[in-house]
Amino acid sequence: MTPLLSLRHISKSFPGVKALQDVSLDVHAGEVHALLGENGAGKSTLMKILCGIYRPDEGKIIINGKTCHFHGYQDALDAGVGIIFQEFSLIPDLDAVDNIFLGREMRNRLGLRDRRGMIREAQHLFDRLKVSIPLDCPIAELSVADQQFIEIAKALSLDARILVLDEPTATLTPSEADHLFTIMRELREQGVGMVFISHHMEEIFTICDRVTVMRDGEKIGDCDVASTTPDDLIEKMVGRRVENIFPEHRCDADYAEVVLDIEALRLDADGPEHSLKLHRGEILGFAGLVGSGRTELAMGLIGATRPAHAKVHMEGRPVRLRHPASALKQGIGLLPESRKTQGLILPFSCRENISLNNLTQFQGALPLIRRGKESLTAAELMASVRVKAPSPETPVGDLSGGNQQKVVIARWLGHQCKVLIFDEPTRGIDVGAKSEIYALMKELTARGVSIIMISSELPEVLGLCDRAAVFYHGRIAAELQGDDLNSQSIMHHATGGLSS
Amino acid sequence: MSHLASTPGTARHSLKMRLASWRRTPVFYPLIGFIIVFIAMAVINDNFLTGSNLTNLARQTSIIAIIAVGMSLAILTGGIDLSVGPVMALSGTAMAGLIVAGVPPSLAILLGLLVGAAFGAFNGAFIAFAGMPPIIVTLATMGIARGLALIYTGGYPIAGLPAEFAFFGRGSLAGIETPILIMIAVYALGFVLLHHTATGRYLYAIGGNEEATRLSGIRVSRYKLLVYTLSGVTAAIAGLILTSRLMSGQPNAGVGFELDAIAAVVLGGAAIAGGRGMILGTLIGALLLGVLNNGLNLMGVSPYLQNVIKGLIILLAIYISRKRTP
């Protein structure tokens, strides 16, 4: 039987990165095909090629035995490929019917919108999915699951025979996820081929027929789900690899001295209670999947969001962190996940970005900034983190991602910070700069700074951290240290502990 | 020898660099525009370039220019203050009413300025702590301030002010008219605040990226509260000058002033989305508006047509500055 979809020997490079290397994937009609791999393994790139968003450097896309050349998303839609992205493409203020038919509204004989016809068609689609969703209610008022079902209905209304679901369950509750699986089974009966991306092992084993594992842009293997085990898949995902971009592992942690003691921290009144200890000079990893609650905990800790309950000690003294400013006063800094939207003031120069929260130290008797002193300090800090920029006056927006991250780091070096929280510090940064940032983090711990590093990249956690807290669904599922800190055990806890 | 030879080259190089960096500042194009309009007016009107006309021009501009300082702060942080006109009327009538009621003028002025500050803080509290959009908050309080001024005065101007009160609107000091002196003082303070204090830097940062500013440990809401309070104060200072100039507290004064102030700020090269602008630019913008008003009046252009011309020039100026600035 010819496969419904066949990706043949796909390769794709971006400047400096080989994103995909000779990847092939077959999906048959009525098959749910899991695509498995760590962040950065190349899953998203492959799916974007399937949807016509990227064009492959080499290789072919064959749908129903016909070779396709997609020049854009629309071409892929026309060929019967539908994709449900993690961020929905729905308009929140419109209802389900208007969303489904957006841009291709049905018209009546007068050339006006044929609302009744569209309602009928939408109802037909929902019947096919066996879901009941109010048709005339702005979708912003619907649950995330319902919105997702509308996305699926929309794809089906475009005659999609191949459906890509990119981590569809990440934002769903377990019972909503079950409903989604029911719909997927229904579609499977109807001969739709699906590519399912998920990090949750149990879901793979619940709903999928075949699985393809990717790692570092290459296909590691594929097999029937029935003939494999979670442990086997994790082994394939993680693999064994040589990483020499990390500084030589040396533990600077002094386990006798607790710097930050989170005795009890509850983000929501009815949410789980977190507790953690951070030691002097330690690098503690927050591992887990995207959306597992790591950033939320960090934000709650520094008071960027108001936690329901917090009992925190800093060097033995109780502290109340109600605002990032009070965290700063206690010597806790956060380097946020998104440099451009949360870290940097893009219209500012490097100097202004670095001195942003240090300005008061350049004041004399009058509350005026002494520019000379400010420039000098900024230049020194830039040199100490090796920012490559023509001058401190260079607009920070002109720098590369790695250098921008170093500017953010420099900002916090102007303080005598005791705890620094790095949220995905190397996202979107090339390997060379990554390695420099790792080295900087080690320099900091050698000086007695304690670090929490939130990272979705396993090698980073393994290569750098002395200890790791693994998050799953908003809770700390495990704290790993020493020999227990290995990729298998992290993946095991991060995916819900199904494999054992 | 080589040392001597290299010196002129470096000098030229640095001059070029300085010119380039000067061009990057937000005031470059507004200044060019101002010079062009100024020269054009001088060429068209013989009476334009006389001392008395220029003094007139500066005095007429001073009220909008002072309000525009507070407006600059609001716009710089990505906000706006629509309530400035009515707040000016409210503080002005408060001053007049208190003086007429027998309060010593200096105290009455202080209280009038406090009314402006308090009203600004009222705006600021909703914006900073309740997180409401500035345009909505100040649109609502615009009506409240005007209503309060009308209630306080019963809808009639408050006259009967002592002669010495005329100093702020009609007097002069060392040969310079008081409104111009006050304007210069307000701009000097605004300049120091924005360009030489930590607070000023935070305001730019908030306009550039509020979330990043907050996460780096700056108490953003406090600074927003400060911004709207200061905007209330500058409106009250303008109210002082206007009340003194008219020698009466006018509850209906300042209709449409918020739009002129916004125009001055934007003509001065500030980004309406915040994060970019200079206090000097606002002064240039206000003077540009003043030159247009004055020059068109001298030419005898009908006031109706003046509105059209002014609007077109604002559109053109902003179109050019948006195209040219990075």
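Backbone N, Cα and C atoms are what each Cβ position is placed from, and that goes for glycine too.
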Which range of B:57-76, B:117-136 is transmembrane segment, per TrEMBL: B:57-76
Leading contact stretch, B:27-45, B:57-76, B:179-204, B:262-292, B:304-321 vs the transmembrane segment (B:225-242) - CB distance under 8 Å: B:57-76
Contact call for the transmembrane segment (B:27-45) against the transmembrane segment (B:179-204), three or more Cβ pairs under 8 Å: no
Distal contacts, the transmembrane segment (B:262-292) - CB-CB under 8 A, six or more residues away: 25-31, 33-34, 37-38, 41, 57-58, 60-61, 64-65, 68-69, 71-72, 75-80, 187, 190-191, 194-195, 204-209, 306, 309-310, 313-314, 317-318, 321, 325
Same-chain residues near the transmembrane segment (B:57-76), Cβ under 8 Å, at least 6 residues beyond its ends: 84-85, 88, 120, 134, 177, 179-180, 182-183, 186-187, 190, 194, 203-204, 207, 227-228, 230-235, 237-238, 241-242, 257-258, 260-262, 264-266, 268, 270, 272, 274-277, 279, 282-283, 285-287, 289-291, 293-294
Intrachain neighbours beyond the transmembrane segment (B:304-321), with Cβ under 8 angstroms and 6 or more residues off its ends: 26, 29-30, 33, 37, 263, 266-267, 269, 288-289, 292-293, 296-297
